[in-house]
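Features as listed in Swiss-Prot:
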TOPO_DOM  1-63  topological domain 'Cytoplasmic'
TRANSMEM  64-84  transmembrane segment
TOPO_DOM  85-90  topological domain 'Extracellular'
TRANSMEM  91-111  transmembrane segment
TOPO_DOM  112-282  topological domain 'Cytoplasmic'
TRANSMEM  283-303  transmembrane segment
TOPO_DOM  304-312  topological domain 'Extracellular'
TRANSMEM  313-333  transmembrane segment
TOPO_DOM  334-815  topological domain 'Cytoplasmic'
BINDING   ASP369, THR371, ASP757  Mg(2+) binding site
ACT_SITE  ASP369  active site, 4-aspartylphosphate intermediate
COMPBIAS  503-519  compositional bias 'Polar residues'
TRANSMEM  816-836  transmembrane segment
TOPO_DOM  837-848  topological domain 'Extracellular'
TRANSMEM  849-869  transmembrane segment
TOPO_DOM  870-885  topological domain 'Cytoplasmic'
TRANSMEM  886-906  transmembrane segment
TOPO_DOM  907-943  topological domain 'Extracellular'
TRANSMEM  944-964  transmembrane segment
TOPO_DOM  965-991  topological domain 'Cytoplasmic'
TRANSMEM  992-1012  transmembrane segment
TOPO_DOM  1013-1021  topological domain 'Extracellular'
TRANSMEM  1022-1042  transmembrane segment
TOPO_DOM  1043-1091  topological domain 'Cytoplasmic'
Amino acid sequence: MSEGTVKENNNEEFNAYHTLTTEEAAEFIGTSLTEGLTQDESLRRLKAVGENTLGDDTKIDYKAMVLHQVCNAMIMVLVISMAISFAVRDWITGGVISFVIAVNVLIGLVQEYKATKTMNSLKNLSSPNAHVIRNGKSETINSKDVVPGDICLVKVGDTIPADLRLIETKNFDTDESLLTGESLPVSKDANLVFGKEEETSVGDRLNLAFSSSAVVKGRAKGIVIKTALNSEIGKIAKSLQGDSGLISRDPSKSWLQNTWISTKKVTGAFLGTNVGTPLHRKLSKLAVLLFWIAVLFAIIVMASQKFDVDKRVAIYAICVALSMIPSSLVVVLTITMSVGAAVMVSRNVIVRKLDSLEALGAVNDICSDKTGTLTQGKMLARQIWIPRFGTITISNSDDPFNPNEGNVSLIPRFSPYEYSHNEDGDVGILQNFKDRLYEKDLPEDIDMDLFQKWLETATLANIATVFKDDATDCWKAHGDPTEIAIQVFATKMDLPHNALTGEKSTNQSNENDQSSLSQHNEKPGSAQFEHIAEFPFDSTVKRMSSVYYNNHNETYNIYGKGAFESIISCCSSWYGKDGVKITPLTDCDVETIRKNVYSLSNEGLRVLGFASKSFTKDQVNDDQLKNITSNRATAESDLVFLGLIGIYDPPRNETAGAVKKFHQAGINVHMLTGDFVGTAKAIAQEVGILPTNLYHYSQEIVDSMVMTGSQFDGLSEEEVDDLPVLPLVIARCSPQTKVRMIEALHRRKKFCAMTGDGVNDSPSLKMANVGIAMGINGSDVSKEASDIVLSDDNFASILNAVEEGRRMTDNIQKFVLQLLAENVAQALYLIIGLVFRDENGKSVFPLSPVEVLWIIVVTSCFPAMGLGLEKAAPDLMDRPPHDSEVGIFTWEVIIDTFAYGIIMTGSCMASFTGSLYGINSGRLGHDCDGTYNSSCRDVYRSRSAAFATMTWCALILAWEVVDMRRSFFRMHPDTDSPVKEFFRSIWGNQFLFWSIIFGFVSAFPVVYIPVINDKVFLHKPIGAEWGLAIAFTIAFWIGAELYKCGKRRYFKTQRAHNPENDLESNNKRDPFEAYSTSTTIHTEVNIGIKQ
């Protein structure tokens, strides 16, 4: 047995890694702290220990799938009908029903299997990744491929992929509430080692990090010690396996109450009324309703025979019951939803929860972040202001990673506010600033040390890396886009991060590194810095800082950057008028700085402030230094303000068009961003969230459109609810602000979607009706909390998702209408058919049970699938969102169901009676509901005519419901020829076309094939009766067209009398009309914005 195998076996038994040092842990598990595992070894271990999963994400439960197909009300009607058929010895009907049940269950199983596989593959697309070191190089792999011995890197926003023995931590906190129930984050320390004699609980093992915990602060490196079900969370998952949650064991309730609750849960799960997506539950409830209606109709049949129930009456009752069951409905729904989820992948939307497919069509408010969603997320440094030094501008730069691109200029001494308000226009711009700086060709009254201090801070208060990829000869970067923009500028000025710290980049050649260092020795910032501590960016404080030791002058330096308000609150001084001495910051000084922040933000730039402080080794003792490096408040106090940077994040090219289309679709778009209010307002105007002519609106209206997070959070719930409209832009917003916004929308009965990418966005993503996470820049935690993931982080992809959600909802509505209208037609037809009595006084059913089943299962199923694949209607995104409370069962759908059903009933009844009394002699014979005899000739031929008519009407109905109101012959009014328009209508959906053709043709063989026709279907070949079938099918088509014409006239009249409900008129209105017409902005709510 190999050494690795021994260690793996020991690893399964050993649980005291918290008692080992990092070196001991690495030796025990067989890995290198610096190199990690080799690729071959990692593959061998993966094969030995299996994938790192809890075993329940992608496993297909075949038993549950079978039960799901069998245990529903629709199948139960078929099963009962089958049992009765066999009980009365109608072997043919019973056999056909058995076959239908088997086919239905088989098709359902296949489609559910495919749908499950599709959803599992989509889950894999959005599953968390892990960052590991293998062969000495950092790699990103799927979390399921992590094995014991991997060296794993984690940072803020990551979900820890496996149990880790930490070997390096930097201000590292994790959320272990999922494991321990402790709501507060837990601080970790890799240097701790616990005694072997001590009993240390899982929650107290502070040198370990546990699988599925979220990183809420800092970063760390650790050895993977346990994976999958061997991890701490895996042990819990293993103990919970097999608990369905259907049995109530509430100790506060009595045995009888628990039994009642459990019975309801089990029955609901059995019938599908309390499991699955909301739409599945609604349809399961519909199935239960139809079951009881079927029972009622069967009772009516028996009552009409005075409950003298013989074989024929029982079969007729079965026939009527079957007519009420759209048995193919669940199958078609499953196919439609799985296809919809697959289609969304091609449109950069990954569906994680099927519920979201239904919810997307009802969304009427979208709350979106700005950075990387509305904008490209590829940030470019545009302006830098260093007090007493001047303003640096960067132009002609479009590549966010290439430091060699662009022109750098200096406006000496002028601040952005000053040069933008300079009436002379001559601000003395100095071109080629970099060359002038290093050639010392700058005005004598400009102190280069000011720029050096700012540049050192910008470089070191930064963890992004910029490098030239030797393989592709292209510039690339790793890190946050904002930090990348700053690091690119530092690299442009020949002062990259590794030039100050001496760190070697694994992505650059040594030649490049040496070049940077050798060039840097004679330029600003030549000191060598050692990283001591880091306080990472936090959405609460909105800043980050790093502590470095300068080996050249033996000083400790704290460098910070962040939002202006956050940084300025930490500063007590800045460089005075001479630019040399540090002087206290006064309120007047802060207001001067604030003016420049406004000036930059009003140009759509994201503004960050920079500050620093330093002290010598003699100024602090060890305890004071430890306090500084561990206490954020101490480290980030009494800083010296150094300057500002304005970063431009250009809007995506598709954003403005997407916002316009959302407005056309009746969807409001809100921007909730952490950026400064001026930046947010400028970008919002650029993309159309705010009107471009905002200056035409009164200040009161502007204040209702734009707020800051503190202003919105400062309002009570009552004050928020009293606002006539909710703000379109909230700047400087926190995660809690997003939660309050969603709560406010929900109180207004709005159906909203929320985008998010950070750990702290999880509450708002969960609370929103549709949570949307970012696939590229989103954290693992936000993805897990979301319903859908945008694989390209693009706002326009949300439009794709909404459009696909509406298309799918539309199509579900169409095939539900088609199937239920057929059921109504068949049920009414058979109930009316009770009036036909044979020579023995028994009812003669005008359609046989097998004919009913054929129309429901064979004729209707494939056209219904075709309707599920129907393309989006041309006006799909010109309609308002559908009512989420009503769902697909609107009053229009309900009325249409009965209208089409009644028209179809009339056509079929006319065909039956026309054949029976017109073409034939009108004799109803005797015993014609079971076997054929000579007296049944007229009845059997008339059934054939009615069967053909019902079949063809059902197929024509599928074409008619492609559009709920528009005439089938005017589906494409933009076509230049009626003939072309007709063929475009029938050929546009080829699956539907061939399904209908198949249905039309299938009527002939079942009428003419011997034995099948008279023994199974209980009808006979016909001749002249085909004319009746064709005539009354056309009559149905005309009736359907007249009904739709009446609908169009009705809605036109409604629009004329209620122009405010006219959708076309609404689309032409100003989307900001609700704001401009608001007349009551409460004066007690101070929402003014100072600028």
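Glycine is no exception: its Cβ is also placed from the backbone N, Cα and C atoms.
Quick caveat, the model's predicted, so the values are computed rather than measured.
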Q. Restricting to the same chain and to residues at least six past its boundaries, which positions have a Cβ under 8 Å from a Cβ of the topological domain 'Extracellular' (837-848)?
A. 93, 301, 304-305, 312-313, 315-316, 319, 323, 826, 829-830, 908-909, 912, 924-929, 935, 939, 942-943, 946-947, 950, 1017-1019
Q.
Treating G and I as helix alongside H, and B as strand alongside E, what does DSSP give for the topological domain 'Extracellular' (304-312) in helix, strand and coil?
A. 3 helix, 0 strand, 6 coil
Q | Cβ neighbours within the same chain of ASP757 (Mg(2+) binding site) - under 8 Å, at least six residues apart | A | ASP369, GLY372, THR373, ALA773, MET774, ASN777, GLY778, SER779, SER782, ASP793
**Q.** Proximity of the transmembrane segment (1022-1042) to the transmembrane segment (313-333), 3+ C-beta pairs under 8 angstroms
**A.** no
Q.
Given a separation of at least six residues and a C-beta threshold under 8 Å, show me what packs close to THR371 (Mg(2+) binding site) in the same chain.
A. GLY377, PRO481, THR482, ARG606, ASP649, THR673, GLY674, ASP675
Q) Of the listed stretches 91-111, 313-333, 849-869, 886-906, which one has the most C-beta pairs under 8 A with the transmembrane segment (992-1012)? A) 849-869
Q. The topological domain 'Extracellular' (85-90): which same-chain residues, six or more beyond its ends, come within Cβ distance under 8 Å?
A. 97, 311, 314-315, 318, 849, 930
Q. Considering only Cβ pairs under 8 Å, which range in 91-111, 283-303, 849-869, 886-906, 944-964 makes the most contacts with the transmembrane segment (313-333)?
A. 283-303
Q | Dominant neighbour of the transmembrane segment (91-111) in 283-303, 849-869, 886-906, 944-964, by Cβ pairs under 8 Å | A | 849-869
Q.
Please report, as numbers and ranges, the same-chain residues at least 6 past the borders of the topological domain 'Cytoplasmic' (870-885) whose CB is under 8 Å from any CB of it.
A. 359, 361-364, 661, 664-667, 751, 769, 799, 802-803, 806-807, 809-811, 814, 962-963, 972, 988-989, 992, 1063-1064, 1066-1067
**Q.** Beyond the flanks of the topological domain 'Cytoplasmic' (965-991) by 6 or more, those residues with Cβ under 8 Å of it
**A.** 862, 865-866, 869-871, 874, 959, 1041, 1044-1045, 1047-1048, 1051
**Q.** Cβ neighbour count within 10 Å of ASP369 (Mg(2+) binding site)
**A.** 25
Q | Surrounding residues of the topological domain 'Extracellular' (304-312) on its own chain - C-beta under 8 Å, 6+ positions past either end | A | 88-90, 834, 842-843, 927, 929-930
Q: Using a Cβ-Cβ cut-off of under 8 Å, list the residues of the same chain that are 6+ residues beyond the ends of the transmembrane segment (849-869) and lie near it.
A: 81, 85, 92-93, 96-97, 100, 103-104, 315, 318-319, 322-323, 325-329, 331-333, 335-336, 339, 811-812, 814-815, 818-819, 822-823, 826, 830, 943, 947, 950-951, 954-955, 958, 961-962, 989, 991-993, 995-996, 998-999, 1002, 1006, 1016-1019
Q. Where does ASP369 (Mg(2+) binding site) sit by DSSP, helix, strand or coil?
A. coil
Q) Against which stretches of its own chain does the topological domain 'Extracellular' (1013-1021) lie, if we need a Cβ under 8 Å and a gap of at least six residues from its ends? A) 92, 96, 848, 850-851, 854, 928-929, 931-932, 937, 940-941, 943-944, 947, 1006-1007
(Q) Which residues of the chain, 6 or more past the ends of the topological domain 'Extracellular' (907-943), have a CB below 8 A from one of its CBs? (A) 90, 311-312, 315-316, 825, 829, 832-833, 836-840, 842-848, 851, 949-950, 953, 1014-1015, 1017-1022, 1024-1025, 1028-1029, 1032-1033, 1035-1036, 1039
